[in-house]
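A.B. asks: The structure follows.
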Amino acid sequence: SIAVPSSAPRGSASFQAQGTAGVRLWVQSGAQSVKLPSSVSRWPLAPGPELLLAMDAPSRDVGDEKVRISYFREAGGVPVGRAVLYLTCVEVSLDADVNRSGAVSRTLLDKASWTWGPEGHGAVLLVNCDRDDAGAEGLDNEDSAVRSYNDLKDMSQLVLRTRGPRAIFAGHRLLLHVDFGDADKIRVFYGGSSAELEKFKHVLGGSKLAYSVRPSRHCHESVFYVEGLAFPDVAFSGLVSLHVTLLESPEKGLLESPIFTDSVVFRVAPWIMTPNTAAPLEVFVCRWVLGAPTLPSAGSAPKSRFSHFSPSVDDNEGFVAAVGELAERAQCPLTVCPVPQNRQDRWIQDEVEFGYVQAPHKTFPVVFDSPRDGGLKDFPVRSILGPDFGYVARPAPEGASSLDSFGNLEVSPPVTVQGKEYPLGRILIGSSFPRLGGRRMAKAVRDFLVAQKVQAPVELFSDWLLVGHVDEFLSFVPAPDRKGFRLLLASPSACYQLLKEKQEEGFGEAAMFQGRAGGEMGVPRPTINEILANEELRKFNDYAQSCINWNRDILKRSLGLAEPDILDIPQLFQDNATSGAVAFFPDMVVNMLVLGRHLGIPKPFGPVVGGRCCLEQRVRELLEPLGLSCTFIDDFFSYHVLLGEIHCGTNVRRKPFAFKWWHVVP
């Protein structure tokens, strides 16, 4: 934009503008804009018109294009003065994958902003939290070196394009720079014109706030590689900005002055959980043997639900074999964590949660390590972290409770709530409300989950349970109709109704736990009649049902569910020395292993009626019409008596969502 009157001789009343072939001109007067040349040959200088100019291609030489302005008096035909503006056009453009196609391209989109949704735009950055080099000790983003080409593939490209006369770039400076508040969130590498790994240097990020770029004589593009150092969190929105500025070099003693700045905004990709309904990719289970200390699921909970119980099994070989058979039917590989790695800690679900990170050019799994830090505390780093398998953790400085174990971390399938879509589901965590005080998940973990934005967390009431995990009373299974899934809720009411039916059918003397060690081993065998006559047990289960009903209402509101979307699974609870509820018998379908349509269900050892366990039969009647296959696995001595079940003792890495997280509208 040129203020034409600024160079007009005194007495001038109008002007005429002409440009060379590479220049386009417009006159803007008020709201009117007219492209030159036009039918109007002269333009009045009042009330202060602007001359707009543009060039479509970089100059070959300095000053090779020009604009000439002639000034005239009111009635004069001869110019009273002329002004000539010599022009040099250069291209300086900072580009990234703003349109999210998987490759860097030129775009008319606003690179300096980031928007959500299918029509949104903005570049994406991955936290480089895997370990591509087997010889490295830590994560890839914990050092300032590029150790492999696979490491570069985890990074996002940033392309600086420069074209124009070489003399201009020799006399000016190009500065790539990052905002001070973003410097500890990213690291930028540059290898110049070389593709050799040893040529890549850390040029930006951390203590390095700026880098002077020297455009190559033979190459018009400089390719930088950007890695994320931190996930979104309570003090970090996830947005980072990078800039390039063309600076004019003044005479000695004077500061450089900026001529032009181009900017690109990246958003760091969130950590995303996958629900039970996602396809399984890998099953994990721990092998253990008797003879070394064994941690209960809650960490601080009593070792056994039966006060005088002593395990009658030496290991969990049968359990591991049963899980392996189920995984084979689901065509899913099984990974067994051996004793030296798990140090007799079998609760692998409590230690880690599998998720993933995604950019348009790359997706890889990331394991979230809980603050629990049991015997498995080193397993995620030593055995899972590796090439294209990342790691993230959040400590609990205030000290970890049982609610910090990741049996207390679940995610729903995709839902729509009163018109608002949650295409990646909603995270579910257990808490202490509506009671005052009590246990809550560590603030650092809750803040981290909220900051990811794409799976808005819902807090449920789980502190009524001794262990306190949401996986003790809820689960999700795939379904062919309605929303594509069913929510399974533990239901004392449904269990009492079933037992009452069997009593009325004449099976009141059928006993629980047939085939389990009884009497002298501390495992009672109550009959249906005895269970129904136990008023203390009934009162406690009335309390448990009220807690589950509270959560049922929250889940219906928060996930947009109706009653047909929920299945009530028969389950009883008992009071463990006034410290909280534990499952009275193995927590069947709620604490289960879901591998597609194949379900691994804790064998309940319920009353046998007509040659079949009535609890197993009722579960089959509820789930098999959905096309699900029910396999009941004996986890009684190896897990149930230690306050856990199949879900607590296994873990599953699942297929990422097909839906792209940047299409979410938070």
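Cβ coordinates come from backbone N, Cα and C, glycine included.
Feature annotation from TrEMBL assigns active site to ASP350, HIS469, ASP471, CYS648. As annotated by TrEMBL, domain 'Protein-arginine deiminase (PAD) N-terminal' applies to 3-88. The feature domain 'Protein-arginine deiminase (PAD) central' is assigned by TrEMBL to 90-248. Look at TrEMBL and you will find 259-663 tagged as domain 'Protein-arginine deiminase C-terminal'.
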A.B. asks: Tell me the residue counts in helix, strand and coil for the domain 'Protein-arginine deiminase (PAD) N-terminal' (3-88), as DSSP assigns them.
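C.D. replies: Counting residues by DSSP class gives 4 helix, 42 strand, 40 coil.
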A.B. asks: At the level of the C-alpha atoms, what whole-angstrom distance separates HIS469 (active site) and CYS648 (active site)?
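C.D. replies: If we compare the Cα positions of HIS469 (active site) and CYS648 (active site), the gap is 10 Å.
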A.B. asks: Averaged across the domain 'Protein-arginine deiminase (PAD) central' (90-248), what pLDDT does the model get? Just tell me the whole number, please.
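C.D. replies: Within the domain 'Protein-arginine deiminase (PAD) central' (90-248), the model's average pLDDT equals 93.
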A.B. asks: List the Cα distance (Å, whole number) between ASP350 (active site) and CYS648 (active site).
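C.D. replies: A Cα-Cα distance of 6 Å.
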